[in-house]
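*Asks:* So that we are looking at the same thing, I have put the structure below in structure tokens.
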Amino acid sequence: RHTAVDLCGDSRHRSRVSCSDGRRTPEDRHDAEDTAATVKVTEQSDFSEFITSERVKVVAMLALALALCNADRVVMSVAIVPLSLSRGWSKSFSGIVQSSFLWGYLISPIAGGTLVDRYGGKVVMAWGVALWSLATFLTPWAADTNLWALLAARAMVGVAEGVALPCMNNMVARWFPPTERSRAVGIAMAGFQLGNVVGLMLSPILMSQGGIYGPFVIFGLSGFLWMLVWLSATSSTPDQHPQITKFELEYIMHKQQTSSREKRRNTTSVIPPFRRLLSKMPTWAVIVANSMHSWGFFVLLSWMPIYFNSVYHVNLKQAAWFSAVPWSMMAFTGYIAGFWSDLLIRRGTSITLTRKIMQSIGFIGPGIALIGLTTAKRPLVASAWLSLAVGLKSFSHLGFLINLQEIAPEYSGVLHGMCLTAGTLAAIVGTVGTGFFVELLGSFQGFILLTAVLYLLSALFFNIYSTGERVDFDTTGLKEHNI
């Protein structure tokens with residue numbers, strides 16, 4: 001007589017249920033209860049578990065890295081004011097100097113995205129932070145040497161920072177299940193925006209104490225300190241982490257909702273299918289959205305202090321403070337947007353519709369607010385309009401940014417790199433173009449209105465062509481399905 005295991009059981013579970021009579025021993029019932037408990041545990045994760053988990057520590061470190069990324073980036077937006085005055089630079093030439101960061105940022109995101117998909121986020125992020133921190137530290141000495149040295153230092157910051165967002169996206173996709181990714185991106189991007197606040201607010205203070213060297217030295221050294229903690233406390237994937245609990249690992253793996261075939265994919269042998277990636281309209285939806293996001297982000301980040309200084313005639317410290325307020329608003333609304341996005345999905349709203357809602361708020365809102373900015377007569381009112389624009393802009397992180405993980409989970413790093421490269425080209429045009437536009441028209445009004453119109457058109461494009469479903473970019477016959 002064959003046993004139940006021979007005919008109808010999985011030997012791994014060693015079930016003792018008889019196929020003929022269905023009777024179970026007490027030990028069988030105990031095993032079934034354990035299995036049910038495991039399923040229940042892996043399907044649910046309460047808030048206390050979430051905030052003490054290893055995955056939250058990982059995203060907190062990512063948030064700190066992105067804060068340093070933006071602080072090192074934005075310090076030049078403040079330093080450019082005394083530099084241009086002491087060297088007699090015009091607004092158009094100041095725009096060229098600020099764009100040197102973007103020329104470096106242009107060349108690294110695709111390579112960085114490919115590297116992070118191949119080697120993992122831990123190593124690539126560590127190298128990126130080390131290089132941009134070194135370049136930031138050396139920037140004031142480069143400025144004292146000659147213009148070309150300054151441009152080269154800022155370009156190196158851009159090259160190194162090109163890996164930051166692909167690393168973040170890659171690690172969030174591996175560490176967080178779909179129902180928590182919006183929240184994780186919200187936390188990481190809150191750090192990203194707080195970096196703007198820290199950079200804009202501390203730079204004038206540090207410059208008043210240590211000259212132009214102050215902020216560059218402090219932020220540069222902070223990056224090396226972060227790197228030491230990162231290398232000792234994180235891993236690229238949950239299963240490689242030595243301190244992760246069995247509960248958390250099972251929870252992440254259970255909720256990932258990926259096929260076993262995808263889990264076995266060896267990304268070290270994957271050659272990104274660039275032509276197939278570009279042949280799908282959902283790819284172009286995220287590329288166009290990222291390009292507009294970068295245009296608005298870098299134009300506002302680079303020109304806010306000069307805008308307040310020249311239009312409202314406030315001093316450098318006041319200009320920096322008025323410029324910092326909107327970014328603090330973005331950090332706050334970004335987390336709220338992430339929580340709301342996850343809530344919509346848990347309550348049954350489709351991922352596609354959720355992403356379109358977030359993207360619409362994130363682009364239509366800033367477009368309307370920038371139109372309001374053109375009517376502002378006082379710096380406080382202007383800062384309020386900018387706070388509304390930048391705060392609502394954070395919703396787009398839960399639109400196009402997280403959508404990269406959904407349409408191409410196995411190529412999220414390289415696809416993000418492609419989007420960043422396109423976005424950097426748009427940012428270069430916007431940053432340099434602002435200076436020439438202002439010199440030509442004599443005010444910022446025209447360029448602000450142009451940016452508002454582009455926001456509205458980009459929102460329309462995303463709503464027409466985006467999807468929250470996985471897109472088949474391979475030749476392996478995988479079908480599109482909802483993540």
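First residue shown is number 1, and so on along the chain.
Just so it is clear, glycine is given a Cβ too, placed from its N, Cα and C backbone atoms.
Pulled the feature table from TrEMBL, pasting it below:
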{"type": "COMPBIAS", "residues": "21-33", "note": "compositional bias 'Basic and acidic residues'"}
{"type": "DOMAIN", "residues": "58-470", "note": "domain 'Major facilitator superfamily (MFS) profile'"}
{"type": "REGION", "residues": "16-36", "note": "region 'Disordered'"}
{"type": "TRANSMEM", "residues": "58-83", "note": "transmembrane segment"}
{"type": "TRANSMEM", "residues": "95-116", "note": "transmembrane segment"}
{"type": "TRANSMEM", "residues": "123-142", "note": "transmembrane segment"}
{"type": "TRANSMEM", "residues": "148-172", "note": "transmembrane segment"}
{"type": "TRANSMEM", "residues": "184-206", "note": "transmembrane segment"}
{"type": "TRANSMEM", "residues": "212-231", "note": "transmembrane segment"}
{"type": "TRANSMEM", "residues": "284-304", "note": "transmembrane segment"}
{"type": "TRANSMEM", "residues": "324-345", "note": "transmembrane segment"}
{"type": "TRANSMEM", "residues": "357-376", "note": "transmembrane segment"}
{"type": "TRANSMEM", "residues": "382-402", "note": "transmembrane segment"}
{"type": "TRANSMEM", "residues": "414-438", "note": "transmembrane segment"}
{"type": "TRANSMEM", "residues": "444-465", "note": "transmembrane segment"}
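Explain the structural surroundings of these features, please.
*Replies:* Outside the transmembrane segment (148-172), and at least 6 residues removed from its termini, the chain residues within Cβ reach (under 8 Å) are 58-59, 62, 65-66, 69, 72-73, 76, 97, 100-109, 111-113, 115-117, 120-122, 124-125, 127-132, 135-136, 138-139, 142, 181, 184-185, 188, 236, 401, 404-405, 412-414, 416-417, 420.
Beyond its flanks by at least six residues, the transmembrane segment (212-231) meets 61, 64-65, 68, 71-72, 75, 78-79, 82-83, 122, 125-126, 129-130, 132-134, 136-140, 143, 199, 202-203, 206 of its own chain at Cβ-Cβ distances under 8 Å.
Below 8 angstroms of C-beta separation, residues 178-187, 189-194, 196-197, 200-201, 300, 304, 351, 354, 357-358, 361-362, 383, 386-395, 397-398, 402 of the same chain, each at least six residues beyond the ends of the transmembrane segment (324-345), sit close to that stretch.
Sequence-distant contacts of the transmembrane segment (414-438) (same chain, six or more residues past either end, CB-CB distance under 8 Å): 90-96, 98-99, 102-103, 105-114, 117, 162, 165-166, 169-170, 272, 274, 277-278, 283, 286-287, 290-299, 302-303, 400, 404, 407-408, 444, 446-447, 450-451.
Long-range contacts of the transmembrane segment (444-465) within its own chain (CB-CB distance under 8 A, at least 6 residues past either end) are made by residues 281-282, 284-286, 288-289, 291-292, 295-296, 299, 303, 307, 311, 356, 359-360, 362-364, 366-368, 370-371, 373-374, 399-400, 430, 433-434, 437-438.
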*Asks:* How does the model score the domain 'Major facilitator superfamily (MFS) profile' (58-470) in terms of mean pLDDT?
*Replies:* 85
*Asks:* By a Cβ-Cβ criterion of under 8 Å, what residues six or more beyond either terminus of the transmembrane segment (357-376) are in contact with it?
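*Replies:* Hits for the transmembrane segment (357-376): 289, 292, 296, 337, 341, 344, 349, 382, 384-386, 388-390, 392-400, 445, 448-449, 451-453, 455-456, 458-459, 462-463, 466.
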